[in-house]
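Student: Quick paste of what TrEMBL says about this protein:
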type: TRANSMEM; residues: A:17-37; note: transmembrane segment
type: TRANSMEM; residues: A:43-61; note: transmembrane segment
type: TRANSMEM; residues: A:68-88; note: transmembrane segment
type: TRANSMEM; residues: A:94-116; note: transmembrane segment
type: TRANSMEM; residues: A:172-200; note: transmembrane segment
type: TRANSMEM; residues: A:221-239; note: transmembrane segment
type: TRANSMEM; residues: A:293-310; note: transmembrane segment
Amino acid sequence: MTTPVLSSSPRRAATSLSVLLPSVCVLAGAALAFLMFPYDLSFLTRIVIMMIFVVSFDLILGQAGIATLGHAAMYGCGAYAAGLIALHLSPDPILGLAIGAVAGAVMAWISGLILLRTHGITLLMISIAMTMVLQEAASQARWLTGGADGLAGITVSPLLGLFEFDFVGQVAFIYSVSVLAGVLLLCQILISSPFGLALRGIEGSASRMRAIGTPVYRRKVTVYVIAGAIAGIAGALTAQVTGLVGIEVFNFSLSADVMVMLILGGAGRLYGALIGTLLFMVVHHLAASVDPFNWLFVIGFMLILVVFVLPKGLISLPTRVTQLLRRT
Amino acid sequence: MSLILSIVVDGVAYGMILFMISVGLSITMGLMRIINLAHGGFALLGGAAVHLLTTHLDVAFIPALLAAVLAVVLLSVLLERLLYRHIYGFNELGQVLATIGIVFIMIATVNLFLGSTILPLGVPASFTTSIDLGFRTLPFHRLVVIISGLFVLAGLWLLMEKTKFGIYLRAAVDNRVAAASLGINTPVVYLVTFAIGAGLAAVGGILGAELLPIEAYYPLRYMVLFLIVVSVGGLGSVSGSFVASIGLGILDTAGRYLLPGLGTIFFFVAIAVLLALRPNGLMGRAQ
């Protein structure tokens, strides 16, 4: 074995710090939000869970360039798995998360084996069709899923045996934020690893990556499974925090919303996923409280604006503005 | 036996509606390589315009239909000039997002003026009378749908195979760059194709309102269905769209008749298997 050249360079230390950066930012932001909006914790928790979900989508769309419209499939499987475990087996939240992750990963593995052989419009269609099949199956299997009524009354035991989930949602919020920080750390490690580099290579040009010997299909399935596990975690968190799982978890609009949030913020970068989710959820909350239907005007114009003016998302706004200023 | 005939008749009527709405989508996708998620929006706007004309302004159904289709065609020309022309150049994802944006605005507009309930189209009473076919009675309306679908198919065939425009269109579908360099004015071909597709979607939406009721969320509710027709038929193929529409119409109807409850699962599993085996659709060519 030859020793890697970079292993002892100072860059190594800098990378390990930058790996922690997104998690630290999120923790600081969450602490601030916790102090500033102590009465909106359930809404903040929803945002945090959505962030986990969008970050998982960023792994497949932003890193590997796989565009699907069926990411809700894994989220829903995680939610149902965690809900069923809590109802029938054990109310432990951490176990529920693990089961949710496994359910998401298994779903992603099965569907990924078929999905990732295709691309473009066919991939979009099959991913939509699979989510529809799951939704229909969930609504038919009344004995297991409760059909259209869903699973209700899911309760979880105190976190780590110590912290009881309270009425205001403080524990739920801290719990979700910790999970988000962990997920971000994992994703950051993944992105800065050779595997992450291979994914960005596949996004750039799959045929060239194949030519230099990367097993493109296997890499894609791997990242799809990892993203599926994280989406499953997001679903499991939703089930535990809200105590409900309905067939809406497989809604097409959820998959579309996730894509919109990611593109709004900027695909390919974790901060983009976080910013996009925050903006989308807050605007949604405000617009929907005025008039639920005007929300579609807002999001429609926002989408067209982003695609036409800021194709790399809001995260590219500063560079874009400086570019424009420099030109004039 | 009569059950099979019923399935076939209902399935064909359903398939004809799918065909009229989706064929424009298929051709624009094959020609401009654009994923237009707003295509169902033209069907919605056509239906909404007819609703407005017949129930609020007391116009008769047939003139209202013609006026609505004309209005949708004009709107589509405007949209092509202002927005779609730029969207052609985006990557797949950009196209999906921009056209989702457009469809959201269409939905919100219809909702703002007409609300989110089902919009009745003021169909004349003669459309709803039944006629006896021997093995069952069929609403006259279904017959109108089937006949219009056949007319659209024949018209498109004549347009594609027998006119100069058809030659330009097929050349541009095969290879845009070569077609443009041979002197074919591709932007005009795009514009006309887009307008025809939008107009047909409006016709399909209006005539199909009995089966796919017009309401504000129409384009999102049935978007998946239209896209499935296109991807099963193969992009840019009129005959592919026709075969896929009729096939899916019959498959879906059969699923609902024979396996109530499991029909939707059966339908989508069949689609997923078909697309996994033939990623370019029934009549599509490898890209």
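Each residue, glycine too, has its Cβ placed from N, Cα and C.
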Student: Counting Cβ pairs closer than 8 Å, which of A:17-37, A:68-88, A:94-116, A:172-200, A:293-310 has the most of them with the transmembrane segment (A:221-239)?
Tutor: A:94-116
Student: Same chain, outside the transmembrane segment (A:43-61) by at least 6, Cβ under 8 Å from its Cβ: which residues?
Tutor: 26, 30, 33-34, 37, 67-68, 71, 74-75, 169, 172-173, 176-177, 179-180, 183-184, 187, 190, 199, 223-224, 226-228, 230-231, 233-235, 237-238, 241, 258-259, 261-262, 265, 267-270, 272-274, 276-278, 281-282, 285
Student: When each of A:17-37, A:68-88, A:94-116, A:293-310 is checked against the transmembrane segment (A:172-200) for Cβ pairs under 8 Å, which one has the most?
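Tutor: Highest pair count goes to A:17-37.
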Student: Taking residues 6+ outside the transmembrane segment (A:293-310), which of them lie with a CB under 8 Å of any CB in it?
Tutor: 260, 263-264, 280, 283-284, 287, 316-317, 320
